[in-house]
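S.K.: Quick one: this structure, given as structure tokens, is what I'll be asking you about.
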Amino acid sequence: MKSQPGCAPNTVTYNSLMDGFSKAGKLDKSIELFHKMKEEGVCPNEITLNILVDGMCKQGRISSALEFFNAMKKEGLEGNAITYTAFISAFCNVNNINKALELFDEMISSDCAPDAKVYYALISGLCQARRLDDACSISEKMKSAGFHLDAVGYNILINGLCKTMKLDKVNELLKEMEGVGVQPDEVTYNTLISALSKSGHLSGADQVMKHMTANGIVPTAVTYGALIHGHCTAGDLNEAMKIFREMGTTSKVPPNTVIYNILIQSHCEKDDVESAISLMDEMQEKGVFPSIITYNTMFKGLRERNWLDKAFQLMDDMIKQACNPDYITMEILTEWLSAVGETERLRRFLQGEEVVCSL
DNA sequence: GAAAACGCGT
């Protein structure tokens with residue numbers, strides 16, 4: 001391109017390349033290109049700024065991003081709602097909600113008009129941090145600014161309110177949705193069913209499921225998972241298994257990994273590790289892949305029984321299936337296997353070697 | 001012509 005007359009790369013060229021490199025995880029390359037464009041006299045614009053700020057924020061380099069933002073301000077590049085969205089999401093993700101709120105205020109006071117996306121980023125962060133009063137007040141501000149919440153926005157708030165047991169407010173929002181013509185969707189119903197199930201209101205959960213079907217929304221594995229989990233929590237494993245068997249046959253919704261995990265956990269907690277093992281065999285026969293959570297749940301159950309040979313077998317399965325241990329696996333196995341003098345096998349496991357044959 | 005956001009089950 002550079003060798004062609006009249007074809008010199010411009011700001012758009014550089015921006016496209018920089019965004020590509022950032023998204024491919026090569027932020028350094030992207031920053032290098034930024035310096036190169038300046039050397040060549042190609043002017044960075046607001047989009048250049050946002051590409052780099054977003055890239056840095058997503059790599060967890062928030063303070064570098066802030067430094068860069070401030071440096072650009074001095075050169076006359078102000079930043080817009082997109083810039084602030086990147087910062088607000090990043091700070092929410094590291095649980096620094098106050099900094100996110102601070103930036104939101106800074107945006108308003110610097111006469112930068114917020115758009116719907118920046119509101120959503122903040123509302124989601126506040127809900128995640130269980131600051132529901134703040135989340136609701138931001139959503140009110142959003143509405144007074146002329147935006148209306150979509151179903152996803154309502155779902156975020158409803159979920160947060162369910163988790164903090166502000167159920168009056170949940171009803172209020174459901175009525176509001178109806179009033180403004182935003183239809184509850186699958187996630188709305190699943191959220192309600194999950195909340196009711198978890199708090200032991202199983203008949204309420206059933207009712208919501210009837211409403212859901214009546215409104216033409218087909219229950220999915222998530223819906224059944226919420227119900228099954230509720231019955232497990234209530235200690236009624238029989239009913240949970242009944243729903244589990246019916247979902248696959250009557251409703252034709254095949255159980256997935258999460259549902260098997262819920263049931264495996266519940267059986268382990270009832271000290272019925274044998275049934276947990278059969279469930280795990282069953283899932284594999286049906287082509288449902290165990291996840292790291294399946295393995296961790298099994299290891300916890302097996303440890304209670306000090307059932308070492310089965311654990312070694314599962315460790316080998318993990319290696320074969322390329323299912324990587326996480327910090328929870330490490331915690332369980334390190335504690336258990338050191339206590340029984342099997343650290344050599346743990347070492348082999350972490351090296352990705354099979355452990356059963358090394359008896 | 002190039003940039004951003006939000007939800008349910010283990």
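Cβ atoms here come from the backbone N, Cα and C positions, even for glycine.
So TrEMBL lists the following for this protein:
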type	residues	note
REPEAT	A:10-44	repeat 'PPR'
REPEAT	A:45-79	repeat 'PPR'
REPEAT	A:80-114	repeat 'PPR'
REPEAT	A:115-149	repeat 'PPR'
REPEAT	A:150-184	repeat 'PPR'
REPEAT	A:185-219	repeat 'PPR'
REPEAT	A:220-254	repeat 'PPR'
REPEAT	A:256-290	repeat 'PPR'
REPEAT	A:291-325	repeat 'PPR'
S.K.: Cβ under 8 Å, sequence separation of at least 6 from the ends of the repeat 'PPR' (A:185-219): give me the contacting residues as numbers and ranges.
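M.R.: For the repeat 'PPR' (A:185-219), the far contacts come to 151-152, 154-155, 158-159, 162-163, 165, 170, 177, 226-227, 229-231, 233-234, 251, 253.
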S.K.: Given a Cβ distance threshold of under 8 angstroms, which distant residues of the chain, six or more beyond its ends, lie next to the repeat 'PPR' (A:10-44)?
M.R.: 1, 51-52, 54-56, 58-59, 61, 72, 77
S.K.: State the residues, same chain only, that lie 6 or more residues beyond the ends of the repeat 'PPR' (A:220-254) and have a CB under 8 A from a CB inside it; answer 'none' if no residue qualifies.
M.R.: 186, 189-190, 193-194, 196-198, 200, 202, 205-206, 209, 212, 262-263, 265-267, 270, 286, 288
S.K.: For the repeat 'PPR' (A:291-325), find every same-chain residue at least 6 residues outside the stretch whose CB is under 8 Å from a CB in it, and list them.
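M.R.: Long-range Cβ neighbours of the repeat 'PPR' (A:291-325): 257, 260-261, 264-265, 267-269, 271, 273, 276-277, 280, 283, 332-333, 336, 340, 342, 345, 349-350, 352-356.
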S.K.: Please give the average pLDDT for the repeat 'PPR' (A:220-254) in this predicted model.
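M.R.: The predicted confidence over the repeat 'PPR' (A:220-254), as a mean pLDDT, is 94.
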S.K.: Cβ under 8 Å, sequence separation of at least 6 from the ends of the repeat 'PPR' (A:256-290): give me the contacting residues as numbers and ranges.
M.R.: 221-222, 224-225, 228-229, 232, 237, 240-241, 244, 297-298, 300-302, 304-305, 307, 310, 317, 321, 323
